[in-house]
Amino acid sequence: MATDSFIKLNPISFNRARFDLRDFAGISPKSISSLCCISPRLISCNHFSPRTLISGENGNILFSKKKIPAFVRCQTSLGIGRNQKWWEKELKPNMKSVTSPQDLVVSLRNAGDKLVVVDFFSPSCGGCKALHPKICKIAEKNPEVEFLQVNYEEHRSLCQSLNIHVLPFFRFYRGSSGRVCSFSCTNATIRKFKEALEKHGREQCSIGETKGLEEKELVAMAANKDLSFDYKPTSCGNIQEQKKKEIFLPKSPTFNKQKEVEHSLLLVSPAPA
């Protein structure tokens, strides 16, 4: 009997102690490992055509290595996929995970007049996990609102630059107004989230460019050595800072003396005729 042309498999009792690789001569290791993953319950005469199945010794079933049924190949791939994380489940089309500081900045600026909800969470946060399904349902009912998810464990330095110290935490951004509100929320206080969404989720037209993050937040992100983020303050911001410095600058002694001289001249000047 040509063992290199057939694969022997006992669907009733597969004993690994008596498993012999010589019975699989000519078969690639990948094929052998795939066949070992097949549950005996999945293999029956109903799944194979008579031409494929051949009776062997001791009631074993033989089938050609060149004609492995599609049913078997499909079943071998069932347990290979990666388990989905809880924060990846039930996501809606208007929900997106932030991948970098630059991604957060660009996403906020490209949102235009849309309301953007930034959701700060941690995989180890029980309150975040319990709240996630409700946030997904809210996102489904409000497709015009964009939801950005920021994983605290993956973007710890970013969250610290944005002064995020409580989880779960939410920030709402809209148009030229920038950040319109921010708060912490749990399952017990979900009403706070719904009220903020109702207040800031109404359609409106902003005058001016989309603001996004605040100037001081962008500067803090650029100053953080753990972040790959570059930002140069705008010239308008520099002018405002310069004006603030001029207001609080102390007057020089020369300036004070000049004022005293002018005041004395006014006192001694003759009266007009």
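Heads up, residue numbers simply count up from 1 along the chain you see.
Positions of Cβ are set from backbone N, Cα and C atoms, glycine also.
In Swiss-Prot, C125 is paired through a disulphide bond with C128, chosen from C128, C136.
Comparing Cβ neighbour counts within 10 Å across the active-site residues C125, C128, the minimum falls on C125.
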